[in-house]
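Undergrad: Please see the structure below; I have some questions.
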Amino acid sequence: MSGYWIGIITILSINMVFAYGIYLAVATGQLNLGGAGFQAIGAYAAAWLSAEMGMPLYVTIPASILVTALIGFAFAFPILRLKGVYLVLGTFAFAEVVVGIIINSDALGGAMGLPVPDYIDWPVPVAGAVIAALICFYIMSTRLGLVVRAVHDDDVVSDLMGVDVRLVRVAMFALGAGLAGLSGGLYAHAYTYVEVQTFNASLSIYVLLYVLLGGAQTPWGPMVGAAFFTLVPEALRSLLPELKMAVMSALGVEGTVNPPDESWRFVLLGVVTVLMMVFRSEGLVTRRLVERLSHPFRRSAAVKEAEA
Amino acid sequence: MLLVQQIVNGLMLGSVYVTVAVAFTLTISILNFLNFTIPTLFMVAGMVSWGLAYFGLPFGLSGPLAWPAALACGAVASILCSLLVERFTFRYMRTRHGDSTEHAIPLVSSLGFLLILENLIRIFYGSDSQRFPGPSSDLTTQIGGIFVRIPQLVSFVIVMVLILGLVWMMKHTRIGRGLRAIAENPDAATILGVEPNKIVPVVFMLTGLLCGLAGALFAVNYGEVSPMMGEDIGSKAIAGMVVGGLGSLWGAVAGGIIVGLVEMLTIHFFGADAVQVAVWGALLVTLLMRPQGLFGHNAIGKGKL
């Protein structure tokens, strides 16, 4: 495989793990806009253990999960009292505070970043993505998954039915934080360098968009969302100049055409986001779509309910 | 004396935050919608003003009046963008699913608009920060040993007058009553003859106006604009809004000024690197200890939050 494709597969796997981390919080109806903060904690935990303590890989990566999950757990208790806009702002503030603390701490390299000695090749992030996906599919297929869905759809009724709403939310938030930490640990070792500027507000926004545009109803959503929004911008990198050439020659413009600005890719991503929210706000993959694809000839209960 | 000077600087910086924070709090209190395009509208106003002043104005305007005209055009651009955002985000908020992440729909659309507007500006005007040709910067006066820059003082006064006008409008005019009715209960307001599709754009026009004004004042006072200028101001304004209390106009005013003071005092005592921790820490502590903020009331959001 060429280096280009190895790079894409690595970042795709890391994005998928990251998206599953945010998905677990969103699945209980909690928008987590602090993803970059959790990924930063995982990345710096792995980087610090590896660089300063000389720990091997099989210590640093589990440690990145554990540290982030514990911090997520401690943070979830007070923050999950908040709902809606307040929760979005609280998680966003958390990410900013984490980044601010890292910049100001000399032990973590401050604004300079930390080099990471151990390098991992692409099979490790891919294995991480597969494990994260299996965990999420398993959780959503159990009774806990049913409870998660109930809490997402109506927390008051779930509470009346005897579900410990707070416990479910805190547990899923902490587990999600652990997965985001894993993505950070994988990132640190795959790029052998961590720099706090990577973990900015845009990253938190992108990963939440992966989940919400992919669809938060089923565990397929984050996978499709992360794949779509990682691969399509990459494809556009080579497609956009060709597209502009075609348009220009159709308009009858002769001679060399300057390649379009890189930023057009993000403009397109924004347009897709806006259109998705207008026409299909539940995301690309919905529960109904999965039902249909898995039983093409059976009229399932969900389909009947939707048609009624 | 240096400390007093820093406090005055904080007040002046705070007036920009106040304007943006009021824009945020207006959309949240009336529509229960966290509008992430607000920092971008602020940036659009600044960058379009710069672009017009730099590449030449329409209608052959030039000379000493060129930069105020450019600023006015920037504010108009910000209002137009805001109306565009309204057309494609808030119109689709009508309850369709009824689950707890439904308020995410306009929020996510506004994130999409953030990407669109910011990158379009980058494409047309580049990513570098640019010097805005405002009035000459030595318009400084000394009041009792404290240096005050005249443009900053003027913008402080403009902001305060604008907010007083806004408060008066919300209280005494027909539009203001309609907006408060929608904030209270959209269905009942509709039954009583308020038309949401006509009155909601007013909120977005006010948002665009406030952001346009803030962008213009920022460009004049600090003499520099860039495609990233919205991120920092926007996050500080959000912090100010939360500290003051979501949905309260005077809370946003107080919060914006508090954040300006906290920023200047943190720079004075701990250095510039600690600002982010101080400002966001204040936000986080407020959310954890007193989510309704200093002046907020629990009524907004009606349990949907």
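Note: Cβ is positioned from N, Cα and C throughout, glycine not excepted.
Nobody curates TrEMBL annotations by hand; they come from automatic prediction.
Pulled these from TrEMBL:
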type	residues	note
TRANSMEM	B:12-34	transmembrane segment
TRANSMEM	B:41-59	transmembrane segment
TRANSMEM	B:65-85	transmembrane segment
TRANSMEM	B:105-126	transmembrane segment
TRANSMEM	B:146-170	transmembrane segment
TRANSMEM	B:199-218	transmembrane segment
TRANSMEM	B:238-262	transmembrane segment
TRANSMEM	B:269-289	transmembrane segment
Undergrad: Which residues of the same chain, at least 6 past either end of the transmembrane segment (B:105-126), have a Cβ under 8 Å from a Cβ in it?
TA: 33-37, 39-41, 43-44, 47, 50-51, 81, 84-85, 88-90, 92-93, 227, 230
Undergrad: Residue list, the transmembrane segment (B:238-262) vs rest of chain: Cβ under 8 Å, 6 or more residues beyond ends.
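TA: For the transmembrane segment (B:238-262), the sequence-distant neighbours (Cβ-Cβ under 8 Å, at least 6 residues beyond its ends) are 7, 10-22, 24-26, 28-29, 163, 166-167, 170, 278-280, 282-283, 286-287, 292-297, 300-301.
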Undergrad: Top stretch among B:65-85, B:146-170, B:199-218, B:269-289 for CB pairs under 8 A with the transmembrane segment (B:12-34)?
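TA: Looking at each of B:65-85, B:146-170, B:199-218, B:269-289 in turn, the most contacts to the transmembrane segment (B:12-34) are made by B:199-218.
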Undergrad: Out of B:65-85, B:146-170, B:269-289, which stretch has the largest tally of CB pairs under 8 angstroms to the transmembrane segment (B:199-218)?
TA: B:65-85
Undergrad: I need to check the long-range neighbours of the transmembrane segment (B:65-85): which residues 6 or more away from its ends have a CB within less than 8 Å of a CB in the stretch?
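TA: Same-chain contacts beyond the flanks: 35, 37, 40-42, 44-50, 52-53, 57-58, 109-110, 113, 117, 132-135, 201, 204-205, 207-209, 211-213, 215-216, 219-220.
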